[in-house]
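A short write-up of the structure that comes next.
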Amino acid sequence: MPAIASSPQSRSTDMAVRHDWKRSEIDALFALPFNDLLFQAAALHRAHFDPNAVQVSTLLSIKTGACPEDCKYCSQSGHYNTELEKEKLLEVSRVVEEARAARQNGASRFCMGAAWRSPRDKDMPYVLDMIRQVKDLGMETCMTLGMLNEGQAGALAEAGLDYYNHNLDTSPEYYGQVITTRTYNDRLSTLANVRDAGMKVCCGGIVGMGEERNDRVGLLQQLANLPHHPESVPINMLVKIEGTPLADVDDLDPFEFVRTVAVARILMPQSYVRLSAGRQEMNDEAQALCFMAGANSIFYGERLLTTDNPEANHDQRLFKRLGIHPLDPRHEASDEAHEEAIQAQVSEQQAEEAGLFYNAMDSKRTAKHVLDKDTGRPTATEH
């Protein structure tokens, strides 16, 4: 059967990673029938990842409350009365203790967040020590500390920080309805400083803040058209906090959330797409659909900064029911391994007279690339 190369659907499953997505193309993906969208997202997910492996992170608030920013969704903003108890920067020993417990519960990455506009010079030595000591536990490290200049990014990288989280939150058009104390360009500048320092980028957004679908399209377009896709893309569902301006916005349709996850997977096929804030509000069935749509990372544990998160034991039971398992970071594919998997998929499809595009009409033979448990390299099988 000839390849279908002219439609947005078939272009989405081209194995080449793109940075030139048009809004009309992303609109077309969102508009697909739900089953078709999930099928395409799942096909791309399987081409790049073990579909039953989920990267597990734990997030700890190392400095809580009194943030000078006015993000309308955030309980930590000093602009709103959310009755959140303020806390100073945690002691390094306490952070290491929490990281050790997270590792014992199956987390491979430990993320540390501070409610700052930007790190202060006097706090940096403690932050850098946290990174070093958590790394000594054999865990990956991630931080979110607000805006970074070049010097701060360089210091974090030198200490060994693996990932830096700095979300775009929403589309450029809707951004001013949510935040006024920090510009969109401020966020993009921090991301550039992080990337230039050699760290990996964790960057996503929040949905369900009263935005339109066009804003979700715009957010994903911004992420997918960055010079390098974020290695990790957290998709947050708004957690409504009493006292914040967004406490009473209408709920987002769960299927629209799943669609957002699926489109993120298609646009950024090599990135980890993380179910982040808001999982507490999702039932197991909605989470299962997200995993099917290409989500392959979660935050694990009872707290996500200052909001509830599903308990670790519940996550373990859900993983068992779905037949999925935490990803061992030692078996994560390198960039070269991802490229090898891409080339293998392309070659196989060419041999099947399907051009460079996945043929959604022929479901009898699908290439499945998984990671060999011993080598961490991709292998190709058929099913």
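Each Cβ is built from the backbone N, Cα and C atoms, and glycine gets one as well.
Record features, source Swiss-Prot:
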DOMAIN    52-276  domain 'Radical SAM core'
BINDING   Cys67, Cys71, Cys74  [4Fe-4S] cluster binding site
BINDING   Cys111, Cys142, Cys202, Arg274  [2Fe-2S] cluster binding site
Practice item. Report the member of Cys67, Cys71, Cys74, Cys142, Cys202 (the binding-site residues) whose C-beta atom has the most other C-beta atoms within 10 angstroms. Key: Cys202
Study note, to complete from the structure: According to DSSP, Arg274 ([2Fe-2S] cluster binding site) sits in strand
**Study point:** Per-region confidence, the domain 'Radical SAM core' (52-276) (mean pLDDT, whole number)
**Key:** 90
